[in-house]
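Here's what Swiss-Prot has on this protein:
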- His117, His121, His127: Zn(2+) binding site (BINDING)
Amino acid sequence: MSKSDLNLLVENIKFEHLSVFHDFILSVLNTLSISDFELSVILCDNVYIQKLNNKFRNKNEPTDVLSFNYNELNEGLVGGINYKIQGDLIISFEYLKFSAQEFNVEIYEELQRVTIHGILHLMGHNHETNDFQKEGMLILQENVLRKNKRVF
């Protein structure tokens, strides 16, 4: 039996576009052929994500996105990629303000990019570098973004 459960939460920030963001995530999951999922996405500030980054990765600094995979049995695994997602994404909206400026993109575009990035990690995709021209995961990320990009 497949599940489709998506929860969006906001911690310590104001975010007024949950409906658009929710629809975007469902569209991304559909594009990636994921119909069986239990996914929670928490949008937060740097303090919140830094605590988690320190606790689980021993890095006492904020980051853009953390992904936590709870599908330990790897149900839905096909060719090393998991098409059944059970996990959490934690995204620092505050951090994205800086990275959006650094990459000269709009903050909501960066939010969409890191959301896709986190979902791809939950599926089992990985990358060695941040080379958007050569890394398969990052190429896929940008293709999925082009197909699903929303205006907030």
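Backbone N, Cα and C define each Cβ position, glycine as well.
Residues within less than 8 Å, Cβ to Cβ, of His117 (Zn(2+) binding site) and separated from it by at least 6 positions along the same chain comprise Val65, Gln141. Sequence-distant contacts of His121 (Zn(2+) binding site), defined by Cβ-Cβ distance under 8 angstroms and a gap of at least six in the same chain, are Ser67, Asn69.
Counting every protein chain shown, the Cβ of His127 (Zn(2+) binding site) has 18 other Cβ atoms within 10 Å.
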